[in-house]
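Structure record follows, encoded as structure tokens.
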Amino acid sequence: MRIGLYPGTFDPITLGHQDIIQRALELVDRLVIGVAINRDKSPLFALEDRVAMVREECDRIVAKRGGEIVVHPFENLLIDCARDVGATVIVRGLRAVADFEYEFQMVGMNRAMDDSIETVFLMADARRQAIASKLVKEIARLGGDVSKFVSPTVRDALVGRFAR
């Protein structure tokens with residue numbers, strides 16, 4: 001069984017993330033969505049909320065197109081998480097050249113720690129390239145409409161968070 005790991009903070013999960021998830025499902029038998037706890041970031045949503053949102057969106061994807069998705073929160077090194085879930089491939093989405101520079105460094109470090117785990121890059125769909133969780137949160141914070149960037153469930157969570 002080919003297991004892939006798609007890691008991220010998913011704060012919140014966007015339509016861009018969902019596009020990568022759907023396409024990654026075509027490449028592996030099981031896709032693990034690693035919801036990261038990153039001490040260098042201050043997430044808007046608690047880990048439990050992010051996991052719940054990711055799980056809900058992934059359940060919709062599986063119901064619509066099949067496949068197997070597991071949502072797995074993690075706090076350790078990405079390469080250790082990949083080993084923990086039995087992944088042989090790490091899936092990363094790229095939106096722009098700036099993403100590639102960072103990802104290129106990460107691949108080098110991960111390969112130095114375990115060269116048996118491959119990294120695969122999926123280019124963001126042209127319609128989704130501009131979507132970034134950080135920008136979505138800013139638009140929502142300022143009262144803008146984020147429905148072109150996130151699902152209705154995530155939109156409602158953002159509206160609820162900023163209505164406080």
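Heads up, residue numbers simply count up from 1 along the chain you see.
Every residue gets a Cβ built from N, Cα and C, even glycine.
Feature annotation from Swiss-Prot assigns substrate binding site to Thr9, Lys41, Leu78, Arg92; the stated evidence is sequence analysis. The ATP binding site annotation in Swiss-Prot covers Thr9, Phe10, His17, Gly93, Leu94, Arg95, Glu103, Arg128, Gln129, Ala130, Ile131, Ala132, Ser133, Lys134 and is backed by sequence analysis. Residues annotated as site 'Transition state stabilizer' in Swiss-Prot, with sequence analysis given as evidence: His17.
Shown on the structure are the features that Swiss-Prot records.
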residue : record                 : DSSP class
Thr9    : substrate binding site : coil
His17   : ATP binding site       : helix
Lys41   : substrate binding site : coil
Leu78   : substrate binding site : helix
Arg92   : substrate binding site : strand
Glu103  : ATP binding site       : helix
Gln129  : ATP binding site       : coil
Counting other C-beta atoms within 10 angstroms, the emptiest spot among the binding-site residues Thr9, Gln129, Ser133 is Gln129
For Leu78 (substrate binding site), the same-chain residues 6+ apart in sequence with C-beta under 8 angstroms from its C-beta are Leu5, Pro7, Gly34, Ala36, Ile90, Met106, Asn110
Top of the binding-site residues Leu94, Ile131 by count of other CB atoms within 10 A is Ile131
Taking all protein chains shown into account, the Cβ-based neighbour count within 10 Å for His17 (ATP binding site) is 24
In whole Å, the longest Cα-Cα distance within the recorded substrate binders Thr9, Lys41, Leu78, Arg92 is 19
Same-chain residues at least 6 apart in sequence with Cβ under 8 Å of the Cβ of Glu103 (ATP binding site), in sequence order, are Arg92, Leu94, Thr119, Phe121
Between the C-alpha atoms of His17 (ATP binding site) and Thr9 (substrate binding site), the distance in angstrom, to the nearest integer, is 11
With neighbours defined as other CB atoms within 10 A, the best-packed of the binding-site residues Lys41, Arg92 is Arg92
Cα nearest Thr9 (substrate binding site) among binding-site residues (Gln129, Ile131, Ser133) -> Ser133
